């Protein structure tokens with residue numbers, strides 16, 4: 001019997017470029033919409049801005065799906081992720097870092113703001129000449145700057161690895177045309193027999209599921225991640241969680257820097273504030289976007305930590321009724337009608353053993 005590996009189809013480079021271009025415009029449009037929101041509601045508190053931003057993003061999602069149906073425009077989710085990262089990085093470098101990298105000096109020459117008024121020395125702690133106006137700011141700490149850029153570079157490298165890597169594709173024999181598979185289905189039992197070349201151990205034969213988006217069976221399949229354009233399986237599950245934590249760290253650093261910049265900029269007098277109002281609004285809108293990202297990513301990371309500690313996959317937890325090993329059938333007793341099915345996890349060996357197996361898992 002011959003065996004062949006089924007992998008994801010090779011992506012057409014021109015199609016990928018086209019979708020990435022669509023994603024780039026989507027990023028710019030979404031960020032511009034949030035910027036306008038911050039402009040119209042610049043006096044609102046952060047809770048109000050968060051709520052309104054969620055509504056705006058949901059509305060843009062509906063519009064995007066409608067454009068997809070009407071015009072056939074399709075974006076790339078990984079391109080959208082990369083686009084947002086690069087956009088936030090540019091805002092940090094051009095606005096927050098430049099506006100927040102103040103330095104201490106006792107006396108500075110303040111340029112004349114009115115004709116006939118000579119420049120005069122004044123004492124201003126922690127100032128920065130920026131966009132033609134003296135802006136008193138709290139300096140972005142050197143440590144925060146280093147952490148942000150170092151983690152961002154590692155994050156970009158990790159994104160490349162997880163997008164282009166093998167999540168744990170499994171080689172198997174030819175499949176009959178009459179057999180159909182749903183997402184999460186296991187390998188057909190007819191393809192698993194003693195002595196087959198791809199059988200490494202009894203553990204390999206378990207928890208292999210089919211992803212209908214990648215058209216492949218994946219070992220340790222957890223879910224298909226649209227943001228990374230790849231399955232999350234045994235080979236990249238740890239990297240996936242590290243990337244989630246990395247996103248949270250980068251966005252937390254950005255939120256800290258942006259909040260320092262906006263809080264200090266609002267203390268300026270009205271003339272100075274007018275000259276930097278666009279920067280304050282941009283920093284506010286991107287900060288709100290980062291807060292929303294941190295909220296759902298932290299919840300998602302917490303869920304995956306729970307799954308790892310319990311030795312269960314997301315797909316298994318959602319569709320446990322499809323898998324007999326997760327079903328504990330209670331037969332009816334005398335006088336009762338029907339059977340009851342309860343969930344049980346046969347793979348749970350305790351937190352420490354589950355963590356050990358997860359870390360030591362190899363493709």
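Cβ from N, Cα, C; glycine included.
Not measured: the values here are computed from a predicted model.
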Could you check which of 100-128, 129-157 is flagged in TrEMBL as transmembrane segment?
129-157
Given ranges 238-258, 322-342, 343-363, the stretch to which TrEMBL attaches the annotation transmembrane segment:
238-258
Take the transmembrane segment (46-64) and find every residue of the same chain, 6 or more past its ends, with a Cβ under 8 Å from one of its Cβ atoms.
26, 29-30, 33-34, 37-38, 75, 284-285, 288-289, 291-292
Quick test of the contact rule: Cβ under 8 Å, at least six residues beyond the ends. What residues does that give for the transmembrane segment (21-40)?
49, 52-53, 56-57, 60, 64, 73-77, 79-80, 82-84, 87, 281-282, 284-286, 288-289
List, by number or range, the same-chain residues at least 6 past the transmembrane segment (76-96) whose CB is under 8 A from its CB atoms?
16, 19-20, 22-24, 26-28, 31, 140, 148, 152, 155-156, 159, 163, 226-229, 251, 254, 257-258, 261, 279, 282-283, 286, 289-290
